[in-house]
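This report concerns only the one structure given below.
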């Protein structure tokens, strides 16, 4: 991930620039590799870079030939090679950056530019000739992004990757809506991402196509191996991360075989070729035949897990890693280490949501260890539970229409929960997380399946159809993706799977920090958003230490539907398998 800040129509750009640089410095953890800025008229763009693609030449902000257009991006554009090849007007690229294609796309398609992008991104583009700024966020909101205004600077508008960059300047801040683009020319926000399934009342009727589901997801994982730096996979041992790891390992072994074959055919000598980089030749990423080219040669795929000693997920992760043949790193943390990190987690996550904080803390600790090993990018399994109704409370869905409506709602809110967690927990240490389940093409396939096929029954475990899609037991000679008992293992929410003692410790410590009297007298500035448990109250107090009250409007609480419970933990759902409860 990278960190970006955009300041449009500030009263005196030259005088404001030191402030803009201080703003972007607040998210330097996202991009520790380089810093850059651009200023023209009354607009400033600033960038903190984490180099994954175009390492040698992709410093930002990026500009066109005469520097009349400048671009600051946080993200990855997986179809950048295809875009370079299919531009209507020839364009000479200055860098190998996958993100540079946004400039010529803007020149051809104006504010329709994000419709042509396949990836995760937040960007601010400034057109000096028109004195115009546009800003956009990817369809689901995988990358974090905020927009702000200051009552002291009417007419100015601000953008940033994180809340902490804005709150010292802005007194009104929103989470920039995913799938939208903002245009300063009209001062309007427009939704560009409008898939058929986005309307929850439009209930799909197409039966599941297991072959299409599998192939589309494999393609999604393959795209996300685009890199010029060491990468790995987060492996909890649950279904989602295990499938991602399995496909990534298959592609890693294929690339390894290709590399060895090339070495043998050239007797170990590098083959000199003249590539047309403006057409995407010789660059990392997928081509128009969806084949991956990469400069990164990994002798082994690294996988990573974390948990308390003897946690349910840790045991399963080790087994999956052994089955797949990845180089596995099993990391443990103590309850004390987790508790000590809480205030830092809330500072980086910029939320006080109970579920998010519980799950983010182990991920935050793991990310630091991964980055220390020299890995800069990981694949992760976020999004599957929202798409397929994998949370245990989906057992209580009354009918397929309600099931689908809840899936759509969950996907639409991912930018406030699991995407926020994955993005900010890793970015806190300059690590990038990529999420194959939220691929645009895969979403079109998975979210347009008749929800009757997703319903949980006595015969069908949650997420049955994605499990079945990767079940090769009825395919003679086919290599299994995962062991059957992993493929059909019941859902463990991450905050549960790292060890049940973690949640219990959080509740116990909240009791020590929040009294019954405090619960009766919440802060007046909280308004009607009153924490309903001591744990939630405790997190809100820590949030308030870092951010002013109005920042709370960007936070959403994660709660299960069709359930009377107040605790969002998966194990609090009655359907949770007794055998897992017995491991507490």
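Including glycine, each Cβ sits where the backbone N, Cα and C put it.
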Report summary line: For TrEMBL, the entry region 'Disordered' belongs, out of 225-244, 245-264, 265-284, to 265-284
Query raised in the report: How many Å lie between the Cα of residue 382 (site 'Important for beta-aspartyl-AMP intermediate formation') and the Cα of residue 234 (ATP binding site)?
Result: 10
Query raised in the report: If you draw a 10 Å sphere around the Cβ of residue 382 (site 'Important for beta-aspartyl-AMP intermediate formation'), how many other Cβ atoms fall inside it, taking every protein chain shown into account?
Result: 27
